[in-house]
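J.: Dumping the structure here so I can ask a few things about it.
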Amino acid sequence: MGKSQYVVVMLACLWLPSTLCQTSSPQHEQLKFRLAGYPRKHNEGRVEVFYSGEWGTICDDDFTLSNAHVLCRHLGFVEALSWSHSAKYGAGTGEIWLDNVMCSGSETSIDKCLSRGWGNSDCTHEEDAGVICKDERLPGFLDSNIIEVINRMEKVRLRPLSAAHAARMPVTEGVVEVKYKEGWSQICNVGWTARNSRVVCGMMGFPSERIQAKKPNSHRSVYRIHSVACSGNEAHLSACTMEFSTNTSSACPGGGPVVVSCVPGPQFSNGRGRKSKLNHSKVRLKGGAKAGEGRVEVLKGSEWGTVCDDLWNLQSASVVCRELGFGTAKEALTGARMGQGMGPIHMNEVQCVGDEKSLLKCPHKSITAENCKHMEDASVKCNIPYMGFEKTIRLTGGRTQLEGRVELLAPNASSLEQWGLICGDGWTSREAMVACRQLGLGHASSGLSETWYWDSSNVTEMVMSGVKCRGDEMTLSDCQHHHVVSCKRAGAQFSAGVICSDSASDLVLNAPLVEKSVYIEDRPLHLLYCAAEENCLSKSAVRANWPYGHRRLLRFSSEIHNVGRADFRPRLGRHSWVWHECHRHYHSMDIFTHYDLLDLNGTKVADGHKASFCLEDTDCHEGISKRYECANFGEQGITVGCWDTYRHDIDCQWIDITDVKPGNYILQVVLNPNFEVAESDFTNNAMRCNCKYDGNRIWLHKCHIAINNNLI
C-alpha cells in the first residue's frame, strides 16, 4: 500500500444467503496465522487467526480450495493441497473471526477476500475449517506464523553471462535478477558490496562469493531495486534493506546491473567432480531425502549427537549449510521434522551470528536430559545449486508420478543421446534411493528388479547395468556400474523400477545395550534342534554327536529403533510369510540382521543371522502408541519412534563361537543387510565393537555405529 496505515474501504455488500462484504483489518492491526489441532503434520491443521488481541478460528461455510491457497501463503507455504471441514483437527476455542469467506485465490491477504466481516458468524467451533498445505516454503519466508506480503521477492536468479556459461552446471556467475509480476528486473550495482554478493550466492546454493565478477554483455536492463545493504549473514535478499524504484529507465544513474560470482562447494565443483566430500567435518545431516537437508548432528569427542531446537533459526541453520558446502538455509526446521536421532544431544539454544565457520563455534548451551528430548531435534533444508539432474532420468508406466520403470538419457553407439533402461540385476532399494533423489521425488519406497506390469513405453535398450550405490549419491551415474552393459536377463520386463515416497523408515541399533548384555553360554545340543533347523549354528554343528555335548554361544540383546519418518514394514505381505513349526511363529523377512565375528583384518571367523521372528513394537517413546503386535497373526512392523527388542535369551540371538580360538576380534551387527526394505539412510545400519575373548569370557568395548564400514 505504501503507507503504514490501513485504509478501510467499505464496498457495496453483495446480497446472498449471508450478507458478504470485503473486509479489512483495522489500522495498525497485524494479522497472525497458525496451524493447530491434533493429530496433524506440520503443514496441516485447524487455521487460527490472531486478530484484535485474540486467537480465533474460521468457519467452514462456503470454504473452498481458493481460500486455502490464501491461508497457506499466510502460513509460509507455496499453496494448498486440500482443506477440511467440520473441525477435522478438533474444535477450537474463543472467537470465530471469519465466516462465509470467499477468495479468488490470488489475494495477498485473507482480509482482501469477501466475508461476513470480522467477528460476524453464526457458526459453532464444530464447523472450524482446516487446511493441508504443500510442504514447500515460500522464498523469503520470515516467521513461522507471519508472512510479509508487501515488497516480497517472489524469486531471485542468476542470468548467465553467455550461452557458454549457461551450458556449464552449476551456473556460478551471472546477472542478479528479481521476479516481479511483469517479468524479471535487475538491481542497480551502485553501492553494491561483497556482503550483498555473499547473500545472493547463499541463496543460489553456494557457500561463498568471489570478489571480482565479470561485466555483463550489453543487455537492456529494467531496474527495480537499488541501495541494497546487507550484513552478509541474511538467509535471503529480502531480509536486507533496499529501496524500490518505479521509474525503471533512470533507476541506476552511473551504474549497471549487479553481477555476482560464486564459489561452489567441493561436491559441486567442476561439473562432474561431485564426489568430493567434506570427510573431516564435525557436522553432518541425516535422514533427508535430498542433498542439503536432514537432521543436524555434531561430533564431540568420538560420539555423534543431535542439536536441540530451542532458539533454532535461519542464521544458525545457514552456518551448518555453509560449513557443509551448500548455500544458506531455506528452512530451519524444529520438532524432529527429519526424524529423531539417538544418543546424546550435544547443543541447545544455539545462537549463531551467521559468519561463523562452524556450528561448534556458535554460542550455545550444553544440556542435560531434562532440557531437551530427541523429539526436539533440529534439522535444516539448505539452498543447493541447480544441477539439472532430473533432466536425464524419467519414470514411465506407473500409476502415479511417484512410480514406474526407470529410463536414463544416455549416449548411444552414435554418441547421440537417447532414452534407455537400467538392467534389474542386483537392483535394490539402495539404488532406488538414488534414483528417487535424482528425480526429486523424495525417498524410495521400493526398488523393483522386474517391471513387466509397467510396460507402456517403446524404449527397450539397456543403457546401464551392474549398478551398485552407497545410497548417498546425487545421481545414478555417480554409482558404480558396468562400463559395458551386461544383463543376465534380456527384455524390458527385467529392467529396474522404483516407487518413491515423501518419507521412509530408518533403523538404528542401540549399541550400548549390546555392550552391556553380552555373555557366553555353553548350551546343550538337545536344546538346539529348532535353532539347527533354522541354520543358526555354525557348519561344524552338523558333525556333532547329537543330542550330547554343547555349543558355545556369544549371546547379546538387540534393540532396534526406527528413527525415520515412516513405519518399517516387511516387503512381503502376510500371505507370503513363512511359518516355522518348530518355533511356532511366522518369519516376515528371511534375513533381518547379520551377526559376524571378524578378525582384525576383517575376515569373518564366525557368523549368525536373524530372520525376523516377529517385527513388533516392544516399546515406544512417550506419546507414541504401539501399532504392531505379532500375536494372533497380527501385522508386523516397527512404528516411528518405537523399537523392537530381541532379548539375549531367545533362540538364534547369538553367534556360535564353538570353533573360535581366543584372541582379539570385531563383533559386527548389520540390520536389513540385503536392503530388502527401503530406508532413508543405510549408512547407519551397521554396528561394530572391539571384542576380546580369552577362551572362557568375552569383553566388548567401543561399540559404535559404523558409517560406511568405518568406526566413528
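Each residue, glycine too, has its Cβ placed from N, Cα and C.
It should be emphasised that the depicted structure is a prediction, and the values quoted were computed from it without experimental measurement.
When I checked TrEMBL for this same protein, it listed these features:
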DISULFID  CYS59-CYS123  disulfide bond
DISULFID  CYS72-CYS133  disulfide bond
DISULFID  CYS103-CYS113  disulfide bond
DISULFID  CYS188-CYS252  disulfide bond
DISULFID  CYS201-CYS262  disulfide bond
DISULFID  CYS230-CYS240  disulfide bond
DISULFID  CYS308-CYS372  disulfide bond
DISULFID  CYS321-CYS382  disulfide bond
DISULFID  CYS352-CYS362  disulfide bond
DISULFID  CYS469-CYS479  disulfide bond
DOMAIN    33-134  domain 'SRCR'
DOMAIN    156-263  domain 'SRCR'
DOMAIN    283-383  domain 'SRCR'
DOMAIN    393-501  domain 'SRCR'
SIGNAL    1-21  signal peptide
J.: Counting by DSSP, what is the helix, strand and coil composition of the domain 'SRCR' (393-501)?
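T.: Within the domain 'SRCR' (393-501) the tally stands at 20 helix, 38 strand, 51 coil.
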J.: Give the one range among 33-134, 156-263, 283-383 whose Cβ atoms make the most pairs under 8 Å with those of the domain 'SRCR' (393-501).
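T.: Comparing 33-134, 156-263, 283-383: 283-383 has the most Cβ pairs near the domain 'SRCR' (393-501).
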J.: Using C-alpha atoms, which one of the disulfide-bonded residues CYS188, CYS308, CYS352 comes nearest to CYS133 (disulfide bond)?
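T.: With Cα distances computed to CYS133 (disulfide bond), the winner among CYS188, CYS308, CYS352 is CYS308.
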J.: Go through CYS113, CYS321, CYS382, the listed disulfide-bonded residues, and name the one with the sparsest Cβ surroundings, counting other Cβ atoms within 10 Å.
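T.: Ranked by other Cβ atoms within 10 Å, the disulfide-bonded residues CYS113, CYS321, CYS382 bottom out at CYS113.
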J.: If you count other CB atoms within 10 A of each CB, which of CYS262, CYS362 wins among these disulfide-bonded residues?
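T.: Top count of Cβ atoms within 10 Å goes to CYS262.
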J.: For the disulfide-bonded residues listed here (CYS133, CYS372), tell me which residue's CB has the most neighbouring CB atoms inside 10 Å.
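T.: Answer returned by the neighbour count: CYS133.
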J.: If you run through the domain 'SRCR' (156-263) with DSSP, how many residues end up as helix, strand and coil?
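T.: Secondary-structure composition of the domain 'SRCR' (156-263): 21 helix, 38 strand, 49 coil.
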J.: By CA-CA distance, flag whichever of CYS72, CYS308, CYS479 among the disulfide-bonded residues is nearest to CYS352 (disulfide bond).
T.: CYS308
J.: Can you tell me the CA-to-CA distance separating CYS240 (disulfide bond) and CYS308 (disulfide bond), as a whole number of Å?
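T.: Rounded to the nearest whole number, the Cα-Cα distance is 28 Å.
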J.: Validating a neighbour-count step here. Other CB atoms within 10 A of the CB of CYS479 (disulfide bond): how many?
T.: 19
J.: Using only C-alpha positions, which one of CYS59, CYS113, CYS252, CYS308, CYS469 is spatially nearest CYS362 (disulfide bond)? These are the disulfide-bonded residues in the record.
T.: CYS308
J.: Per 10 Å Cβ neighbour count, which of the disulfide-bonded residues CYS123, CYS188, CYS201, CYS230 ranks highest?
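T.: When each Cβ's neighbours within 10 Å are tallied, CYS201 tops the list.
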J.: Have a look at the disulfide-bonded residues (CYS59, CYS103) and report the one with the fewest Cβ neighbours inside 10 Å.
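T.: CYS103, out of the disulfide-bonded residues CYS59, CYS103, has the fewest neighbouring Cβ atoms within 10 Å.
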J.: Using CYS262 (disulfide bond) as the reference point, find which of the disulfide-bonded residues CYS103, CYS113, CYS188, CYS382 has the shortest Cα-to-Cα distance to it.
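T.: Closest by Cα distance to CYS262 (disulfide bond) among the disulfide-bonded residues CYS103, CYS113, CYS188, CYS382: CYS382.
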J.: Between the disulfide-bonded residues CYS252, CYS352, where is the Cβ count within 10 Å the lowest?
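T.: Comparing Cβ neighbour counts within 10 Å for the disulfide-bonded residues CYS252, CYS352 gives CYS252.
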